Amino acid sequence: GLPICGETCFKTKCYTKGCSCSYPVCKRN
């Protein structure tokens, strides 16, 4: 399935694979 990217960025990192930081939350790449 597709990654769920709802977590808050840690600095500029997202821990979920396939997600990138769109501050303050992570978005799917």
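The backbone N, Cα and C atoms fix where each Cβ goes, and this holds for glycine too.
Taking Cβ-Cβ distances under 8 Å and a sequence gap of 6 or more within the same chain, the neighbours of CYS5 (disulfide bond) are CYS14, THR16, GLY18, CYS19, VAL25, CYS26, LYS27, ARG28. In the three-state DSSP assignment, the secondary structure recorded for CYS5 (disulfide bond) is coil. Among the features that Swiss-Prot reports, disulfide bond is placed at CYS5-CYS19 (among others), with the record citing sequence analysis.
Residues or ranges marked as disulfide bond in Swiss-Prot (evidence: sequence analysis): CYS9-CYS21 (among others). In the structure as shown, the Cβ atom of CYS9 (disulfide bond) sits within 10 Å of 17 other Cβ atoms.
Residues or ranges marked as disulfide bond in Swiss-Prot (evidence: sequence analysis): CYS14-CYS26 (among others).
A simple way to gauge crowding: the CB of CYS14 (disulfide bond) has 21 other CB atoms within 10 angstroms, across all the protein chains here.
Within 10 Å of the Cβ of CYS21 (disulfide bond) there are 17 other Cβ atoms, across all protein chains.
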